[in-house]
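Residues annotated as compositional bias 'Basic and acidic residues' in TrEMBL: B:1-19. The feature domain 'P-type ATPase N-terminal' is assigned by TrEMBL to B:22-87. Residues or ranges marked as transmembrane segment in TrEMBL: B:58-75, B:81-99, B:278-304, B:324-350, B:877-898, B:910-930, B:963-984, B:996-1016, B:1028-1045, B:1072-1093. If you look up TrEMBL, you'll see B:D398, B:T400, B:D820, B:D824 marked as Mg(2+) binding site.
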Amino acid sequence: MAMNCNAKDEVDGGPPCAPGGAAKTRRPDNTAFKQQRLPAWQPILTAGTVLPTFFIVGLIFIPIGIGIFVTSNNIREIEIDYTGTEPSSPCNKCLSPNVTSCFCTINFTLEKAFEGNVFMYYGLSNFYQNHRRYVKSRDDSQLNGDSSALLNPSKECEPYRRNEDLPIAPCGAIANSMFNDTLELFLVSNESDPTPTPIPLKRKGIAWWTDKHVKFRNPSGGGTLEERFKGTTKPVNWLKPVYMLDSDEENNGFINEDFIVWMRTAALPTFRKLYRLIERSNDLHPTLPAGQYYLNITYNYPVHSFDGRKRMILSTISWMGGKNPFLGIAYITVGSISFLLGVVLLVINHKYRNSRNTADT
Amino acid sequence: MSLSEKQSKDRKNGGENERLLQANNRNLTTSFGYPDNTIKTSKYNALNFLPMNLFEQFQRLANAYFLILVFLQTIPQISPLASYTTVIPLTVVLSITAVKDAIDDMKRHQNDNQVNNRPVLLLANGRMEEDKWMNVQVGDIIKLKNNQPVTADILLLSSSEPYGLAYIETAELDGETNLKVKQAISVTSDLEDNLELLSAFDGEVKCDPPNNKLDKFTGILTYKGQQYLLGHDKLLLRGCVIRHTEWCYGLVVYTGPDTKLMQNSGKSTFKRTHIDRLVNVLVLWIFLLLVIICFIIAVGHSIWQSKIGYYFQSFLPWEDYISSSVVSAALIYWSYFIILNTMVPISLYISVEIIRLGNSFYINWDRKMFYAPMNTPAQARTTTLNEELGQVKYVFSDKTGTLTQNIMMFHKCSIHGEVYGNSHGKVGAKVPDSEKEKVDFSYNKLASPNFAFYDSTLVEAVRRGDKWVRLFFLSLSLCHTVIPEEKVEGELVYQAQSPDEGALVTAARNFGFVFRSRTSETITVVEMGVTRVYQVLAILDFSNVRKRMSVIVRTPEDQLMLFCKGADTIICELLHSSCTDLNNMTMEHLDDFATEGLRTLMVAYRELDAAFFQSWSHKHSAAYWSLEDRENKLSVVYEEIEKDLMLLGATAIEDKLQDAVLETIVTLNKAKIKIWVLTGDKQETAVNIAYSCNIFEDEMDEVFMVQGKNYETICQELRTARAKMKPESLLESDPTSVPLLAKPKTPSVVPDEVPSGTYGLVINGDSLACALEEDLELELLQAACMCKGVICCRMTPLQKAQVVELVKRYKKGVTLAIGDGANDVSMIKAAHIGVGISGREGMQAMLNSDFSFSQFHYLQRLLLVHGRWSYNRICKFLSYFFYKNFTFTLVHVWYAFFNGFSAQTVYDSWFITCFNLIYTSLPVLGLSLFDQDVNDTWSLCFPELYEAGQHNLFFNKKKFMNCLIHGIYSSFVLFFVSVGTIHNSERSDGKDISDFQTFSLIVQTSLMCVVTMQIAMKTAYWTLMSHLFIWGSLGFYFCMLFFLYSDGLCLMFPRIFHFLGVARTSLNQTQLWLSIFLSTILCIIPAVGYMFLKPLFYPVSVDKVFDIIRHCMKFPLPPPVPVRLKHSNFRRSAYAFSHQHGFGALITSGKTTKSKQKKKNSCSLKI
C-alpha cells in the first residue's frame, strides 16, 4: 500500500507539527468563549412578541399624551409683540434711528388671573444666536474671572476683542449684542383709580445656578468692581460698562443675571429668555389678577434692520415647564398610530400566516 | 561579443528572445545581466518601509480622504471642528496597519533569507566549494546530492547512476509524488565526477527564454563543435528533490526569478473581499451624497447670507475676507464637508479589520477543526477574508491529497472465482477498520508493517499452498515496473511510478511473495521464505491504448510464463475460451468491487511454448529495432503473444478518500456550492474519485467528456452538451449568448442558467488549453457552469489558475481553491480564497494559502459555520454602522436650516470625538464578535442557510439604501422632536430650556438611546458580554457626560469644555426624558414593523429555513437519517496505472541496474 510516503524530507522547513517527540498538543482550549458557545439568550421576533408591543406602546402613550396636553392647556400665557413695525403700534416711533432714548407703553388685558409664580420673558425672533460664528464668539475663560484672559481675550472674540487698544470685557459678539430693553409692568387696578400699581419684578434667580455660581465669576482681586475691571473697555454696543449693570454687588459685573441669561445662547433663531420673576405674594390673591395692564418699554434694542421681532411673555409654569402643546399632541399621535399599526399588523399576520400555512400543508 | 550585446539589450527591453549561456563562464552571464539565484518575496526594506507603506496606505481611498480632511481642518476659516478630531484616529489607523504590514514583511524576509542562504556545492577553480544558494549564477556547475532540493533550473550533466540517470521527485512542483527519471546526454554524462573535465567543460547552451511551462524545454548544446538537442527530460527544475541518486552535476540554466518554479508561482496579489469592494463603492456614493448635500447647504447659505446675514451684521459683522455671500458660501461648503465627514467614519475600516481579526481567531481556536493525529489546528493565515467564506459559490479542489489521501490500499481480490477481503462476509454492513481484526503477517519477516488486510482466509490459503492463490501473488510480484531499494537489510522500499502498482507489489510482498530486487534480466522473489530468481525475457510495457502490461519470465524450473495485468475490458477479450465460466464469475466480483468504488485490475497468465516464444522473440526484436512506426509495430507484436490467457483473478484497490469527504461534498452541494475538481491526474482516476465522493452521481442524466484537440471539435462537444442541458441556451435570443456574440473586451458577468436535470462535465488539460486559448472560454464556462460537477484532469498548475481566473472573471460568485501541493499554489493564489491542506505534500500550498487545516472535511465547518457567521456579522455590522452614522450626522443638515447654514454643529465637539470611538464602538464590536443567528449544529444541519451569503442578501446596495432612508428618518425624528420640545418652552422652574447646550444634550442623549435600542434589536444572541457592552456603553455615556460637564474639568479648561453644568441642570427635567422616550420609540417602530412584515411579504428562502429551525427547537426532530453511501451497479473500472509509459524500456535496456546493487543482490542471495 502506501508507497511513496517514505522518508520525504520537507523542502521548505519542517512542518509546524513535527510528529514524534513529546511535542505539546496544539489543541485549542475548550472554553465557551473560544468555542463560541457562550451561554446566551436568543429572543426571537415573532407575532407573539411584536404585536403586543404595538398595543402596549399605544396604551402607554395615549394617557401620557392626554396628561401632558391637559397640563399644557391649563397654563396661562400671554404674549405681547412690541417690535412696533405696525404703524398703529405705540412703539412705532422708536424705529426711527434718530431717536436715542425711546419710551413706549403697550396696554393689554388679562382675561383670567395668573395663579402661582408668574415668569416674564422677552422673546426675540429671527435672531441667529445659534450662528456658528456668533456662538463661538466668547471667552469662557474671561467670563470665569481669569485675569490674564480679562486683559487678553481669546481670538474667538474677533472682531469684538479689542476696542481702541483696550481689551473688551466681556468680549465677543454675544456679549456685545446683549438685550438691553427695559420692561416694566403696571396693573391698572380699576377704572376709577388712574394711578397704576407697579408689579414687583424680581431680577435675581433667573439664571441657572451653575452659571451664576460656577461658570461666571468676576475677576478676583481687591477693591471695587470697577478697579477689578481696570484696563478694559466696554463692548462697543453697550451704553455702560459691565461693572455698572446693577447696583447690587451680587448681581453686577459678569455675574449679572441678565447678562448670564443672555450669554446662554439659544438653540433656535426664535427664542425667549427669562427676564423677571413675579413671585406669588400670598395665597389669597392671584399673582396677576385679571384686568388691565400696561407695559412700559425703554426701547433700546434694534431688531428692525434684520426683520427681527421682540415680544414680552408672561407665563405660569407647571410640573413639566411652560406651555408647550407639542409633546402632548406628539404622544397622543404616536400612541394612536402605534395602536392602529398593531391592528393592521394583526390582520395582515392573520391573513398571511393562514394562507402560508394552507399553502404549506 | 556582438551577440551578447544584442542579448543584453533584449533583456533590458524586457523581451529575451532566447537564452545563451556557456558553462563555467560567469563573464558572459554578467554581460547578459541574468539575475542571480536570489529570490525575493518581501516588499520592503528598512529604508523604504515608511514612504512605501504610507504611499500604499494612502492609495486606499478612505485614507486619502481623511488626509485631505485633516488638511482642511487646519484652515481656521472653515473649520468648525478642531483638526485633532481627525488626526488622532487617522494616526491610530495608519500605525496599526503599518505595524501589521511590517510584521508580515519580516516573516517574508526571514523565509527568503533561509532559502537564499542554503548551502550548495559549486564548482569553482577546479574544486567543489560550498556556497550559498543566492550566489549561484547562470553557467555555474553545481553538485547535488541525494535528497537535496534542486537549487535552480539546471541541465543535468552527469550523475552517479549508470547512463547519466537521475531520479527526482516533483511533488513541490506539480504535486505528483511518483519518481521521474531524467537522463543526461551521453557526451556530458561521460564527464562523471571528474572535476578537471567538468572545469574544462565549456559547452554553450542556447535555449528558450525563461517561461512558466513546466514540461517544455528546448535547447541546443554546442560542445566541441558538435550540436546536441536538449529536451525537458534533461532539465532538473528548482523545487524538485533528488532521489536515489548519490550525486549529480548540473549546469545552471535559469536562476532565481527566472526559474520555472518562480515563473509559475504567479504574482501574489492583495486579496480584497466583495464586501470590501462594495463598501468602497458605497463610500464613493456617500462621498457624492456629501458633495450634493454640501452644495445645497452652500446655496442655502448664500441665500441666507444675502437675505438675512447681510442685515444681521449689526450684531454679527462679516469677516474681512468675506466680500460677498458667494465667498461665504464657498467657505461654508468646506465647513459642512468637514462636519458631515462622519458619514464616512474613519473607524469603519479599522472596525472591519478588528472584526475580521476576531473572527479569524475563532477559526484558529476551533477544536472541531483541530486534527489530533498531526497536531494541527486550523489556521486563518489571512485575516481579511472572513466574510467571503460565507459567500463561496465555487469550490475548486485538487484531488490527490485533498479529496484522497493518496494512499492506495490493496483492499480485496478475487482469485479463481473466490473473493477475499470481505471482512465478515456481509456487503453493506461496513465495519470500521479500527474494529476489524488485522491479519497477522508475522510469519513473513519481509512484510511491510504499514500493510493492513482484514480477511485471514487469504493468508490461510497462501500458507496452505493453494496453487491459484500462489500463482496470483507470484504474478503480482513479477508483473510490474517497480524499482526496489533496500538500504537496510530487510527493509524494502519500493519506488513505483504509480501508487497502485506499489500497492499491488506490497500486497504480494506481505502475503509471502517478496519482490526483493531486480536487474535488467532477472527478478528476485522471496517466495514464502525461498529465494528464487526469475529471468525476465521481455517486458511488454504499459501504454494508454493497450491498458495492460505483461512480463515474460523464465522460471527457475525453466518454464516460460507470461504474466499480464490490465483493465478488465481488455483482458477479458484476450482470455482463453476455457475460462469463460471463471471469467463470468470474476466479472460479477468486479461488479461488486466497482460498486464499492474500488479500482480494479484483472490478472492473467499464460504458459508459453519455448518454440513459440523463440519465433515471437525474433519478431519482437525486429519490431524493437525498427526505426519507423516502432510503437505500432511493437503493439502488434505484443498482441500476438498476449492471447489465450488463463485468468487468475482480479484485484481491487481502494484509493482512500480522506475522512468524511463524501458527507462534506453532499453538504456543500446542499448549500448550492459547485465543486470543480482540478487535478493533474489522469481522467480515469479523476472520474472514479468524482463518483466515489459524490461529485458525480449515478442518477446524473449524463456526464459529458470533452476530449477534442482542436477548436472545432471542442466547440462542437461543448455545444452538444449545452444543447442537451438546455436547448434554448444556444439560441441567439438567449440573454446569455449575448456576451458570446459580442465578444467584449471588458469582462462582463455571465448570468447563471438552470439546466434541465443534473449533468457532469469532464475535460482534460489539452482540450482545456485549446479552449482557453481559442476564444472558447465562454462556451466552456457556460457549459461547465450548468453542470453539477466538473472534473478537469491533466492540468498544469497554471491551467488550474486559469480555470479559476475564468470563473472569477465571468461569474459573480466567490471562488475558493483548496489544495495541498505546490501545484495548487497558483490556483490558491488566483482564487478569492485559497485554502491549503497542511499535510503530506510539503508546505508550499499552506504557505500560500489564506486558510489552512489538515482535513478536507473541515471545509464544511469553515464555510457553513465560520464563514456564515462572519458574513452575517459583518453585514449586521455594516448596516448598523452606516445607519448609526447617518443618523448621527444628518442631524446637522436639519439644523443647518435653523442656524443660517452656518456650520454650527448640533453636538458638543467632545461628543463628536467620542461617539464613534468610545460610546458606540463596543456594542457594535460585541455584536460582530458574538452574534450568531443559529448555532453551529443548526448551521451544518441546514446548509440551505448558506445561500443568503452567496446571493449577498444581507448587505447590498438595496440594504444600504434602507440604512440611508432609515438614517434620514431617524435624524429627522431626533431633530424635530427635540426642537418641538424646546421651542418656546421653559423648565419647570421657569428658567431657560431652549438654549443651545440643553438642545445638544437632548439630541445627543436621544441619539444614544436610539442607537442602543437599534443594536439591541439587531442582537440575536445575548451573551453576558452583549449585555455588558450595550447597556454598559449607555451607562458609560452618562458617566462621561457628568465628567465632561463637571465643574472641575470645565473650570480647568474653560476654553475647551464649554458645557459646564448642563448635565445636572437639565437631566432632571421631565420633558427632556419624555422627548428622549418619544424619539426612541418613533425611531424603533418602523424598524420593528419592517422586520416583522418583510418575511411575510418578501420571504427569502432563508426565512423559511429559520421557521423550520424554530419549529425544531420547540419540537426536536428525530435524529437525522445518515446519508446513505451508495454506488451504482454498473462498473467503472479504473485502470490503475500511471498515465506515462512505465519504466519498462529503461529496465530492459539495463539502465537502472546498478553494478553496486548487483553485488548487494548476490550477497543477499547467499543469505
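The chain as shown is numbered from 1 upward.
From the backbone N, Cα and C atoms, a Cβ is placed for every residue, glycine too.
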> Taking contact to mean three or more C-beta pairs under 8 angstroms, with sequence separation of 6 or more, is the transmembrane segment (B:1072-1093) in contact with the transmembrane segment (B:910-930)?
Replying inline: no
> What stretch in B:324-350, B:877-898, B:963-984, B:996-1016, B:1028-1045 has the biggest tally of Cβ pairs under 8 Å against the transmembrane segment (B:58-75)?
Replying inline: B:324-350
>> Counting CB pairs under 8 Å, which listed stretch among B:81-99, B:278-304, B:910-930, B:963-984, B:996-1016 touches the transmembrane segment (B:1028-1045) the most?
In response: B:910-930
>> Counting Cβ atoms within 10 Å of each candidate's own Cβ, which of the binding-site residues B:D398, B:D820 comes out highest?
In response: B:D820
> Thinking of Cβ pairs under 8 Å, which stretch from B:278-304, B:324-350, B:963-984 has the most of them with the transmembrane segment (B:81-99)?
Replying inline: B:324-350
> Against which stretches of its own chain does the transmembrane segment (B:910-930) lie, if we need a Cβ under 8 Å and a gap of at least six residues from its ends?
Replying inline: 81, 84-85, 89, 342, 345-347, 351, 354-355, 358-359, 873-874, 876-877, 880-881, 884-885, 888, 1000, 1004, 1008, 1011-1012, 1015, 1018-1019, 1021, 1023, 1025-1026, 1028-1030, 1032-1033, 1036-1037, 1040, 1044, 1057
>> At a 10 Å cut-off from the C-beta of B:D824 (Mg(2+) binding site), count the other C-beta atoms across all protein chains.
In response: 37
> Within 10 Å of the Cβ of B:T400 (Mg(2+) binding site), how many other Cβ atoms are there?
Replying inline: 27
